[in-house]
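Novice: Sending over a structure as structure tokens; questions will come in a sec.
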Amino acid sequence: MSHEEDLIDYSDEELQTTDAAATTAAPAANGAQDKKGDLTVSGGRPDKKGSYVGIHSTGFRDFLLKGELLRAITDCGFEHPSEVQQVCIPTAILNVDVLCQAKSGLGKTAVFVLTTLHQLEPVPGECSVLVMCHTRELAYQIKNEYARFSKYLPDVKTAVFYGGTPIQKDIEVLSNKESYPNIVVGTPGRLNALVREKKLSLRNVKAFVLDECDKMLDQIDMRRDVQEIFRATPADKQVMMFSATLSQEIRPICKKFMRNPLEVYVDDDTKLTLHGLQQYYIKLSESEKNRKLNELLDSLEFNQVIIFVKSTLRANELDKLLRECNFPSIAVHSGVSQEERIKRYKEFKEFNKRICVATDVFGRGIDIERINLAINYDLPADADSYLHRVGRAGRFGTKGLSISFVSSEEDEKVLKEIEKRFEVALPEYPEGGVDSSTYMA
């Protein structure tokens with residue numbers, strides 16, 4: 001079997017097939033349920049004392065993390081943990097399984113990065129932590145988060161593996177005991193190929209993490225890869241799963257991988273809104289979109305903007321048009337080579353470009369703190385995709401602005417679905433525009 005056959009690029013593909021057998025309801029987790037405001041906490045292993053924690057901690061020091069981690073946290077400028085971090089970290093470091101759904105930008109990544117680094121006792125030549133996500137860009141970003149927080153842990157080695165790059169380079173890393181990673185981050189296709197080729201050994205894995213887990217477990221082919229990798233790990237390990245959206249249907253599937261997990265749902269169900277993010281729509285015809293976009297980019301103040309379109313072809317065309325109009329734009333989508341995608345991602349993250357035209361490959365998990373404007377040039381197909389997209393402009397409770405173009409009957413149906421799903425009434429964008437002080441931090 002060729003490696004290319006193993007390496008499916010899941011970035012822009014939605015596989016609609018569902019596995020009916022896998023959606024059988026799992027038994028509910030044991031343990032009490034504690035409802036505090038918009039935060040629901042349940043589960044946790046009953047035999048573990050101290051499995052439950054209030055949300056009154058005021059600093060990362062309260063979690064009793066390693067001193068090296070606390071130094072790195074201070075260097076990053078973090079003072080107070082977010083709500084989801086306060087609830088999850090104290091329990092997760094006790095080796096309890098965690099299923100966490102919290103809206104975009106609330107620091108879910110730091111939960112598993114800090115937890116696994118705190119627990120890790122690195123052994124040369126052994127992989128102890130495995131983190132999987134559905135896109136290469138997100139894998140690259142998670143690897144960078146590990147680098148940030150492990151700066152005072154010199155013995156910890158992290159590597160990222162994803163499709164679109166020569167697999168031989170990955171094999172070279174895994175063939176050398178000096179470079180063999182203690183923490184592996186990657187996409188399921190490439191990781192499964194490395195496991196099948198017996199280049200990556202998972203027999204010492206102690207923590208198994210899925211980020212944006214619903215995206216991976218919803219798609220049947222990706223779920224099979226995840227299951228195959230899961231079976232290659234020891235039975236006695238900690239499992240943690242995170243996402244901004246976890247439907248009632250996907251939760252039992254997640255829990256099939258777990259043992260009595262701590263379940264944390266922040267702003268559950270219809271309350272999945274992004275505080276501080278102003279959301280508007282504009283009704284117009286398809287032919288009016290370019291002129292209106294030009295007007296918005298000319299009139300609005302913003303640090304960085306991300307413009308979402310529905311296809312790679314439209315991304316290229318719009319990017320070309322913007323550059324012809326002297327807007328500093330780049331395009332990121334699955335049609336761009338992997339090396340070029342990472343290069344463009346870094347250009348945008350490092351503020352060398354202010355405008356990014358993207359497909360849904362940038363719709364989940366990507367964290368670029370300067371984005372404060374998101375424009376849906378093409379409305380997404382469903383409400384959850386909308387949440388992930390506009391969430392790029394409201395990270396960690398900061399202010400932001402999102403504007404969606406509505407140009408067809410299908411768009412109007414999606415708009416109604418968004419309003420129904422999140423129990424909000426999206427206002428039409430005012431003719432006189434909006435005051436920049438209301439969305440500029």
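A Cβ is built for glycine as well, from the same backbone N, Cα and C atoms used for every other residue.
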Novice: Looking at the candidate ranges 143-146, 167-170, 211-214, 411-414, report the one that Swiss-Prot labels motif 'DEAD box'.
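Specialist: Comparing 143-146, 167-170, 211-214, 411-414 with Swiss-Prot, motif 'DEAD box' matches 211-214.
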Novice: Of the ranges 19-43, 244-268, 319-343, 344-368, which one does Swiss-Prot flag as region 'Disordered'?
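Specialist: The listed stretch tagged region 'Disordered' in Swiss-Prot is 19-43.
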Novice: Need the matching range: Swiss-Prot marks motif 'Q motif' on one of 58-86, 174-202, and I'd like to know which.
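Specialist: It is 58-86 that Swiss-Prot annotates as motif 'Q motif'.
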Novice: Go ahead and report the DSSP secondary structure tallies for the motif 'Q motif' (58-86): helix first, then strand, then coil.
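Specialist: Output for the motif 'Q motif' (58-86) reads 17 helix, 0 strand, 12 coil.
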Novice: So if I draw a 10 Å sphere around the Cβ of T109 (ATP binding site), how many other Cβ atoms end up inside it?
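Specialist: Taking all protein chains shown, T109 (ATP binding site) has 21 Cβ neighbours within 10 Å.
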Novice: Would you identify the secondary structure of K103 (ATP binding site) according to DSSP, in three states?
Specialist: coil
Novice: Across the whole of the domain 'Helicase C-terminal' (276-437), what does the mean pLDDT come to? Round it, please.
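Specialist: Per the prediction, mean pLDDT sits at 88 for the domain 'Helicase C-terminal' (276-437).
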